[in-house]
Each structure stands twice: as C-alpha cells, then as structure tokens.
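Pulled from Swiss-Prot, these are the features on record:
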type	residues	note
BINDING	35, 36, 37, 38, 39, 40, 41, 42, 43, 44	FAD binding site
C-alpha cells in the first residue's frame, strides 16, 4: 500500500470539490482529489446540472422551431425522440470533463479515481478500480461527495419503467405519458423538458403550491404556464405505493386516486453521499438524509475535517456548492477568501426559467417592511418581442422610503442571467443600493437588462 502525504485531501470532484481544491492549490498547498468516477466533474457534470440543462437547451430549440410560423415555409413541425435529443445534449459532458481535468493539471492537483473512505481523522484510503489501495495522509480533509436521489425502500427502482433523476438519462424511448412524483426544482425542470417534447405530464406535488419558497406571483405564473402546456399538477397528494407493469406504471395515492402512465420519474428529495465514507471511523454523525452538519466555517465537529456542497444540505445548488468549497478551503489556508455563502440567487431552469434573489413579498409583509413593487412585463420589451419570448416579467421589491432594493424576482427568457444585475446592486454598501441606479444608468438597447429601468419607473410611479 503506497502512502502519500498532503496538506489537503478533497473527496469529490463536483463544484464544491473543485472550488475547494483550486483555492487550496492556488494558496500553495499540496492537494489531492479523490473521486469515485474515472472522470472529474461529479454528479453535476455527468448526471445532473450539465446534461439536464443541455437537454433543456435542445428541447427549447425544438420548441422554437415548431412554434415559429416562419419555419413552416420549410416544413411541418418536427418531433424528436428523447434518446435523440439526449444524444445531442450529452456532447457537452466530454467538453466539461476536458476543461476541468485541465484545471487540476495546471494547478498540480493529484487525482485519485476510486472509492475513498476514512481510516481515521487524517487518513483516507482509496480503493482504485484495479483493486490497488492508496493511503492518503492529510492535515485537512474536505468532504464534497455530493448527493444522489432519495430512494424509498418500498419502490422498485430496478423496474424498467421506474426512474429517478439520475437514471432518467438512460431512458431509451419517448413516453406518451409520464408521471413525475415530486414538484421541487428537479421535478419542475423535467416536467418542462418532457412537455416540450410533446409528452403528457402528471406532476404530483405533496404541497399546495409549486415551489412555495418563491415569490407567490412567480409561482402562480409557473402554474399557469404548466397548465397551458400539457402538464397536469396535482397538489396535496402523497404516494401510497407504486405498481410497475409490463407496459407502464400505476401510482396509487393516499387520497385513493390512481394514475397510470408509460413511466414514472421519482424526484422527491436527495440523500448525501456519506454511507461509504466510513464516517464511524472519525466520529462525524450524519442525519437521516445522509447529510453532515458544519459550522459557518464549513468545519465539522472534527476540527480538521470540513464539508461543502450538497452533502451539507441547503441550498443544494451547483453555484453555491462551488463557493462553499472555496470558502471551506479559505478557512484552512486563511487567505481572505472565506465567506459564509448565504446570498445565493435561485436559478430554476424550467421553460421559461425562473430566478430570484433577496426577500419576497410574503417575507417583507411578515417583517412589516414598508416596500413597494416595480414590474416590467416581457411582452412589452423590444428584445423579448424580437426573440419571440413574450412570456414573463421582472419584479423588483424596494423600500418605499430609502429606495433600497430588497428583492428581485424574474420569470421568463434569460431570467437566470437577468437576476445578476439586481444582485450586484443589492450587494452595494449603504445608499449605493438604490432603485435610482436603474433610472440613472444607460442600458444597451434592445436588451433584456432594460427591464430593470422599466420596472424601476413602474415602482417609482407607485410612490406618493
């Protein structure tokens, strides 16, 4: 057994692991990266964020072709199978792997591909694919192993018609009807994707509102859009059992209802990847969902062991995970890069997409903050009209007296890009965070960013 010594060992090469490894390496530390796959990138690159967003992009292109009258001159609407669309989308994975492999090489981070587990608080043993065991001894270890879909024991996920958000990418046909159980972010995103391919979708939600953490107006807009696009949303429903058939699946609900479809996609929660880490050897406990607890420095109860990304729970976003990993390493190397990551914009890649940052109306009302609202509807924006994307709006919440921007909520074309302008202003100190910025700034024309000026004028016109 070979023994290697490092300053920092990172478990997991997803966004959190990458952020941690790069920060530690750039601070001059000797760093090793361990990943259970034979390629870097983690679940984000291989099964999650990257393939699903690339898939969404391909579906949007198909939808634009099929709904734009201009293209009828060259033929009728085209329908593509799910495997064909996925094959096109998967091309980006190899490009991402190549880019990320280059990052590690340039920063002299040693890569170990195999199953890593704790032997003790400073030692990780890696069982490689060829059976060779490597021992890595480190001053500090960062757990960034991510998460996987939660699988209830009473559901047969080996059945060929039952999928989760990892295995759905192996779907070999296009179902006519699909049940999606779980209307969280992942469930809503896949509902949009399959609906865009002409699939009838039954979206089962165990709550009374879609994505209830969003501003209620944005949530309602998504619900309305779903209802117009072959997506039936069933609220306040819980599964009783799932019955797999030769030609489909029947979902039995506790309300007594039964839904039959060609396939079922389970999107109800995620579990931290900690069960194979030998956590009992270091005294770090995990909760019922396999997640570990950390402090604001991303340190566990063991002083030299840290955690970042999905494995620590909220907010379980790739963007936040990268910054959490970077901050965990910042706590170790003490180079001024640490920050507690809590100002994360929400990006939801439904069709149309959603993004927000800051407070929503419910939160401000509950806190008795005197706020006002400014809105810009995309149907009136020149750039949205040119792009043929009239659905959506930008909504700015601001303080009536100080004009401080308190929240930005966007639904529609390029929402995940648009939100960053508001985020930048909200992060300005003191009086520099003001709605007046949008009125006194010249925006390129025509752009979607111009919606900020329109919304600002709308909000100011409401004041008296």
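From the backbone N, Cα and C atoms, a Cβ is placed for every residue, glycine too.
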Long-range Cβ environment of residue 39 (FAD binding site), under 8 Å and at least 6 residues apart: 45, 46, 97, 101, 113
C-beta crowding around residue 35 (FAD binding site), within 10 angstroms: 24
Count of other CB atoms lying within 10 Å of the CB belonging to residue 41 (FAD binding site): 25
Protein Cβ atoms within 10 Å of residue 43 (FAD binding site), excluding its own: 26
Neighbour tally for residue 37 (FAD binding site), based on other Cβ positions within 10 Å of its Cβ: 16
